[in-house]
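First up is the structure itself, then whatever we jot down about it.
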Amino acid sequence: MVDESLENDTIDESVNNPQPAAVTPSFHPQEIGSSTFSSFNPYYNDNTPDDEEHEPFYTDSTGLMRKVSNMSNLSEANLPLTSNAANMSPTQSMSLGSKLTAGGAGGGDNNNNTGRTIYLNDPQRNDQNRYLHNRISTAKYNFVTFLPKFLYEQFSKYANLFFLFTASIQQIKNVSPTNRYTTLGPLVVVLAATGFKDIMEDYKRHRSDSEVNSRDCNTLLGNTFVAKGWHSVKVGDIVRIEGGDFFPADLILLSSSEPEGLCYIETSNLDGETNLKVKQALPETAGLTSPTGISQLTGCLNSENPNNSLYTYEGTLVMNTPSGGKQLPLDPTQLLLRGAQLRNTKWIYGIVVFTGHETKLMRNASATPIKRTSVEKMVNVQIIFLFGILLTMSLACSIGYTVKTLKSGLQLDYLKLADTSYIGQFGFNILTFLILFNNLIPISLIVTMEIVKFKQADLINSDLDMYYEKTDTPALCRTSSLVEELGQIEYIFSDKTGTLTCNEMEFQQCSIAGLAYMGEDMKRAQNDGSTVGQYDFKQLKENLKNHSTANAINEFLTLLAVCHTVIPERNEKDPNTFIYQASSPDEGALVKGASLLDYTFTTRRPKSVTIVANQQEMQYEILNICEFNSTRKRMSTVVRSPDGKIKLYCKGADTVILERLSGDNPFVDATLQHLEEYATEGLRTLCIAMREISEDEYQRWSGVYEKASTTLNNRQDELDKAAEMIEKDLFLLGATAIEDKLQDGVPETIHTLQQAGIKIWVLTGDRQETAINIGLSCKLIQEEMSLIIVNKESHWETKEFLEQKLQAIKARVNPDTEPLALVIDGRSLEFALDKELEKIFLELATLCKAVICCRVSPLQKALVVKLVKHHLKAILLAIGDGANDVSMIQAAHVGVGISGLEGLQAARSADVAISQFRYLKKLLLVHGAWSYQRLSKLILYSFYKNITLYMTQFWFAFQNGFSGQVIYESWTISFYNVLFTVLPPLVIGIFDQYVSARMLDRYPQMYMLGQKSEFFNVKNFWGWTINAFYHSLVLYWVSVYMFEDELLLYNGQAAGHWVWGTTLYTAVLATVLGKAALITDLWTKYTYLAIPGSFIFWIIFLPIYASIAPKLNFSEEYDGIVPQLFTSAVFYLTVVLLPVFCLLRDYVWKYTKRMYKARAYHTVQEIQKFNIPDYRPGMEQFQKAIRKVRAVQRLRRTRGFAFSQNESGQESKVIRAYDTTLQKPTGL
């Protein structure tokens, strides 16, 4: 059993506490110096270097230099996100300074305390202020910044820095034992190839930005609207936005097609909220509904300066009137943000206040960071150690030369050595040996890795399993340099709306008078093939005619068609159908469901609604509306029906409806059973109830309600009390079940990823109840999990709660008996991310199998990711679909964007773009696992082959008096990496598969190999390095022994140095190619071409090159060598026996590991090779039954509320303003 202190009070109890939206509090200057200053003031974003290094330039097209501030005294959660935010004091950005007046100073200076003044219909005066243009750029480079940023990024890799140093000292005269360009040439090729790849990837970002910037927008010129590109929109322009379009900039609403200047917007792109928001123009401008009228508007708009607070705005509209300037206050009610979408409104007029990178959306975005993979970081560290070995070798050889010279100097007169000081010669010798041994660190590795990563990204892009035919969208890997990170992910941070869900609500099932009904697509058979207790909607219509429950069905469907705040509009394309404008997608789904069942809502007037029920038009007078809020968890409408009776229709959570029922309710038990079934399927449920009210009772209650609605103090509380008086003695009609449609395959994908050892956190702007419901339906929250719900209102309460739960978890005897899920809202998260609490919160979260953060802002999403990234040594992936996810995506090691939907920015800012969440499974478990294993093998092999060759040079130094003499011809040394060993690592990196995709999908636990860095770690690296030292030792000294007495050829001549050197070179080549064959798991035609083919190519190349090159006065060492070499039996004996002897140890080691120390993937390889079927017991049906039982138990223990409803408090006012029988203005 779980400790009592660990059990949450139940979902229902937690929901009873009202949850304020995660709105950024207004700034109070006196709080700056206090310890209680909110870490979530929106101007304190993150701008300090994290694990990755941020580039030193801001990425927008203005080319501004990006400053990095020292914020070491702040928590990770307190750090600024952009340089502008870091430079701007909150008072500068938020307040309008002293009183804003018509003559206040304007201009584009963002540091001006008085804000900015925008003149209405006066573009010339606005142009004088030189406000920022409306072009946006999410690209990494531009023409000015490419070279410095690219070089900074490349030379932060120690390998490139080392080769630059080597190439520089090679230019010193008489220092280099090899050609002076043998390092510089390959380095230039490496940088050029990498630069070309980066340019191509960044070009795609520029192209995406160009598509957005070139969208059309209607802008007022004179008294007509003309189409202009978004990039041409300027501050002060008056624009017309059509329904369904996105706002091109931050606007102030002036008027709309709806009554009283109302409009609906969807902000899921900004904050994840799926509910539509209601915005309203000022009454003084709401009547300007024609181009002529709006063009005559004069005056100015005094606005606050650009900032990144999504939820605040202060300004003043000064209208010129005959009596003088009339000042009208502006607030967030009139603000329309870039990234939001106009919905359920035909058109609006708005004036542009912020453009481009000064919009609140772009202020919440950070510059594209320079990300480095953990593999690259480890390679960097190992290169430092290898450089240490290289330096030690060079010092040893220089000391050896000095000792040799001092001891035998008189015997070396014939060499005519330079007459220099020993100290000077010692220094020169160090440089000489550094150059001689420099390829111990392979220069080919960098370009090989870049080519392989680019090709791996191309394989991801061309994978048909991740192609979404519906939107013609393939996967797109935008940043190929991160592909191996995909195989090491330990945490996934996911948005909900548009990522896990489709943001589509469907009325799927209902329970009426104890009978359950469902749509055809939901109808399912029981185990015996029957459908006991399940009827389809056709049967519902039949029952409405002549069944004993007909009256209940009629009232149920009438309630769905009448009790709501939806606005109907006739479809212009099909006048017989309606488009419903609903601020809540759930309400829209219920009204559409009623329409499908022939109860169609057709007309709304200020005091009545009209429905067509079974082809009969009926009008219901709306007497009162008791609005929804998170405390009441229900909505009621008092109506007068056509027969004159007064009825109360009520819908809400089961917990609040059941306790308000009368004693005579025959359908309660059956309805509860149906609710349990709906809940186990992850559907969003509501209970439906009603009662008839006598005229006398209504008149008495109406007086109380009117008094409450006009009170000045605690009006909402008084209205709630009044509603309590009438919402009693209800009759339960039934329940509804709405499906918040998940994307295809989401539950299965999450389950598989969890099996792979990946922890999934959902970060959403949606309300707590909705988030929990989605967590259950997508199987993130399992039925056996206990919920820990944190929704506290103060720092102290949050701290006490977190500490209490953490102690209770640690005190458990067996932690695995009952897994936990943590749910925390934005307000509590604000406190939890404070420096004092962040480690406690993180420790508690990591002990839970699932974490859901709800009602969080875009900034909070990024801060949660940064918190985990800063404190845990884990690779993080963030996935989202909207602009509100960009900061989170850029903060993670790997960012994945959901593409395919118009107007979404996440895919453009992400490292990888996919069109469906389910594709994440193959992206990580297959492509990620392959990429990590391939890159690991490529890197280890690249170091191995170079160390094997160049260590022979070191052993030779002990025999040549440390003179710096080379064994091999210098251009042949360069060709080693460029021609003869370039293909094996490429083929291994692109085509090798340690197990097939089918096996990786069947056994997701294999993914943990990457999480634990099994294929590339310090132990593996130095194991390969020592093996290379061993092979070089064997190759060198055995070949020396075989050529010890100057091998005599068939003509009696001595073989000489170059015959021995070329023989040794051939033996080394055969050994390293044999090693490549030994580590290859999958042989393709390219593998045969790369490994045996490379050796054959050398055998053919050598005689041709040795014949031609000496005649062209280079590589003269090869003059006449071919006949001597190819006629020597010792040559063939050396080339055959030495590689076999070296690789025998490797083969024995590999055999021993597989036979006696087998790893998990060895077993899977055997299963794959022999095609062994999977005989794991088929427990799916049993587990499904167990999950259902647990789900019912959870529901009974924690009856909750799963319904998304707008609680703005103005719904009643909004619908009272509508009369859909009147013609709306066209705005033309």
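The backbone N, Cα and C atoms fix where each Cβ goes, and this holds for glycine too.
Those TrEMBL annotations? Automatic predictions, nothing curated.
For 1-12, the entry in TrEMBL reads compositional bias 'Acidic residues'.
Break the domain 'P-type ATPase N-terminal' (118-184) down by DSSP state and the numbers are 29 helix, 2 strand, 36 coil. Positions annotated as domain 'P-type ATPase N-terminal' by TrEMBL: 118-184.
According to TrEMBL, the transmembrane segment annotation covers 381-403 (among others). The list of residues near the transmembrane segment (381-403) in space but at least 6 beyond its ends in sequence, with Cβ under 8 angstroms from a Cβ of it, reads 158-159, 162, 422, 425-426, 429-430, 433-434, 437-438, 440-441, 943, 954, 957-958, 961-964, 1018, 1021, 1025.
Same-chain neighbours of the transmembrane segment (423-447): 157, 159-160, 162-163, 166, 169-170, 172, 174-178, 183, 186-187, 189-190, 193-194, 383, 386-387, 389-391, 393-395, 397-399, 401-402, 405, 939, 942-943, 945-947, 949-951, 953-954, 957, 962, 964, 966, 973, 976-978, 981-982, 985, counting only residues six or more beyond its ends whose CB sits under 8 Å from a CB of the stretch. For 423-447 (among others), the entry in TrEMBL reads transmembrane segment.
Its own atom aside, the Cβ of ASP495 (active site, 4-aspartylphosphate intermediate) has 30 Cβ atoms within 10 angstroms in the protein chains shown. What TrEMBL records for ASP495 is active site, 4-aspartylphosphate intermediate.
What TrEMBL records for ASP495, LYS496, THR497, GLU587, PHE628, LYS651, ARG684, THR764, GLY765, ASP766, ARG855, LYS861, ASN884, ASP885 is ATP binding site.
The domain 'P-type ATPase C-terminal' annotation in TrEMBL covers 907-1157.
Annotation comment: TrEMBL describes 938-958 (among others) as transmembrane segment.
Annotation source TrEMBL lists transmembrane segment at 978-1000 (among others).
Among the features that TrEMBL reports, transmembrane segment is placed at 1021-1043 (among others). Sequence-distant contacts of the transmembrane segment (1021-1043) (same chain, at least 6 residues past either end, Cβ-Cβ under 8 Å): 378, 382, 386, 940-941, 943-945, 947-952, 954-956, 959, 1055, 1060, 1063-1064, 1067-1068, 1071, 1075, 1130, 1133-1134, 1138, 1141-1142, 1145-1146.
If you look at the transmembrane segment (1055-1074), the same-chain residues 6 or more away from its ends with a CB under 8 A from one of its CBs are 944-945, 948-949, 952, 966-969, 972, 976, 980-981, 984, 1031-1032, 1035-1036, 1039, 1043, 1046-1049, 1091-1092, 1094-1095, 1098, 1102, 1117-1118, 1121, 1124-1125, 1128, 1130-1131, 1134-1136, 1138-1139, 1142-1143. The transmembrane segment annotation in TrEMBL covers 1055-1074 (among others).
Positions annotated as transmembrane segment by TrEMBL: 1086-1109 (among others).
The feature transmembrane segment is assigned by TrEMBL to 1129-1149 (among others).
Residue pair ASP495 (active site, 4-aspartylphosphate intermediate) / ARG855 (ATP binding site) shows a Cα separation of 11 Å. Below 8 angstroms of C-beta separation, residues 375, 379, 382, 386, 393, 397, 400, 433, 436-437, 439-442, 444-445, 448-449, 452, 964-967, 973, 976-977, 981, 984-985, 988-989, 1016, 1020-1021, 1024-1025, 1027-1029, 1031-1033, 1035-1037, 1064-1065, 1068, 1071-1072, 1075-1076, 1079 of the same chain, each at least six residues beyond the ends of the transmembrane segment (938-958), sit close to that stretch. Outside the transmembrane segment (1086-1109) by six or more residues, the chain places 971, 979-981, 983-984, 986-987, 990-991, 1062, 1066, 1069-1070, 1073, 1076-1077, 1080, 1115-1116, 1118-1119, 1121-1122, 1125-1126 with a CB less than 8 A from a CB of the stretch. The maximal spread of the ATP binding site, taken as the longest Cα to Cα distance among ASP495, LYS496, THR497, GLU587, PHE628, LYS651, ARG684, THR764, GLY765, ASP766, ARG855, LYS861, ASN884, ASP885, is 34 Å. When Cβ neighbours within 10 Å are tallied across all protein chains shown, the highest count among the binding-site residues PHE628, ARG855 belongs to ARG855. The number of other CB atoms found within 10 A of the CB of ARG684 (ATP binding site), across every protein chain shown, is 24. Packing around THR497 (ATP binding site) is summarised by its Cβ count: 26 other Cβ atoms lie within 10 angstroms of its Cβ, all protein chains included.
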